[in-house]
Amino acid sequence: MRPATILHLTIIAVLITAATAQDPPTKYTNHTVGDNAGWFFNSTTNTTVANYSSWAASQTFNLGDYLIFRTSSNQTVIQTYNLTTFKNCSIDNSSDNDTIVYNGGNTVFDQALVIPVPLTIQGSNYFFSDANDGIQCLYGLAFEINVNRGLGLPPSLNQPPPPQYREPPGPDSASPPITIPAGGNDGFKNGLSVHVIAGAVLFALLAVNGGIGVEFF
Ligand SMILES: *[C@@H]1O[C@H](CO)[C@@H](O)[C@H](O)[C@H]1NC(C)=O
Ligand SMILES: *[C@@H]1O[C@H](CO)[C@@H](O)[C@H](O)[C@H]1NC(C)=O
Ligand SMILES: *[C@@H]1O[C@H](CO)[C@@H](O)[C@H](O)[C@H]1NC(C)=O
Ligand SMILES: *[C@@H]1O[C@H](CO)[C@@H](O)[C@H](O)[C@H]1NC(C)=O
Ligand SMILES: *[C@@H]1O[C@H](CO)[C@@H](O)[C@H](O)[C@H]1NC(C)=O
Ligand SMILES: *[C@@H]1O[C@H](CO)[C@@H](O)[C@H](O)[C@H]1NC(C)=O
Ligand SMILES: *[C@@H]1O[C@H](CO)[C@@H](O)[C@H](O)[C@H]1NC(C)=O
Ligand SMILES: *[C@@H]1O[C@H](CO)[C@@H](O)[C@H](O)[C@H]1NC(C)=O
Ligand SMILES: *[C@@H]1O[C@H](CO)[C@@H](O)[C@H](O)[C@H]1NC(C)=O
């Protein structure tokens, strides 16, 4: 092989590596909280069945992913963006706009539940159970995650708040503004631009290659 070709192959390999390293995730993921152990608390021993901080640290979370809580009505699922609410293990003084109660005030116990929670806001998201007056949360039924942009929200989740807590608008009421997170397609744009740049450099290399070929003739 001519040295020039080897150089070009090396550059191409470097470019491919760079493009791979910067590629955004290609799909949305459903994360089962606590894996097989699920989301449970043993009130006899005041212990959780899994270490949820460790579990959370083992995952990468992106917009549009879901957390799947496999649990029972003995636990609750609260999602909040408010650190004060999280640290307090209580929704008593929380505001509707930063805290979502997926199941609370249960009166029938030991009902199996599967609760899917979509991740729709980037940054810190906090989860806890406020059952047993916050004791479950205090003893570890709580965790924090950081949500990355990833692919951005899919169309199905692009219009928060979640449907189950939305009041039907009256005929005369002004619609609230629909918030579409800015730059929701950044992941795609970044991925595209890397490929465009790689393509442009490859094109330039081919041109240079042609130039060398002409010199050798
Ligand atoms: C993830 O969970 C959501 C909500 O239950 C569901 O609609 C979706 O199909 C699931 N996706 C996968 C890949 O299992
Ligand atoms: C709670 O822990 C106690 C003591 O380890 C055990 O006997 C009991 O079966 C546990 N309860 C559940 C629901 O796992
Ligand atoms: C569980 O924790 C609560 C609150 O700290 C305490 O009152 C209760 O006695 C504890 N139960 C056990 C079995 O440790
Ligand atoms: C969970 O594991 C972390 C280390 O990964 C440890 O620091 C923490 O104390 C554990 N939490 C519980 C409730 O055991
Ligand atoms: C669920 O809660 C009820 C009421 O506190 C209790 O009687 C029952 O033992 C709990 N179930 C488990 C599996 O801990
Ligand atoms: C939550 O806040 C109230 C009032 O500020 C306080 O009495 C309570 O101890 C707090 N609970 C926790 C778990 O920090
Ligand atoms: C909620 O606010 C009230 C009044 O501001 C206060 O008395 C109470 O302790 C607070 N509760 C919690 C859990 O922070
Ligand atoms: C978080 O919630 C508390 C009430 O629990 C409220 O006082 C505080 O302003 C909230 N923080 C933000 C950033 O909204
Ligand atoms: C919730 O509303 C308060 C004002 O009432 C605002 O300061 C805060 O940023 C809002 N939080 C979110 C997550 O929208």
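Using the three backbone atoms N, Cα and C, a Cβ is placed for every residue, glycine included.
Under the heading signal peptide, TrEMBL lists 1-21. Under the heading domain 'Phytocyanin', TrEMBL lists 29-149. Residues annotated as region 'Disordered' in TrEMBL: 154-181. Here TrEMBL flags 157-171 as compositional bias 'Pro residues'.
Mean model confidence for the domain 'Phytocyanin' (29-149) is a pLDDT of 96. Helix, strand and coil counts under DSSP for the domain 'Phytocyanin' (29-149) come to 22 helix, 45 strand, 54 coil.
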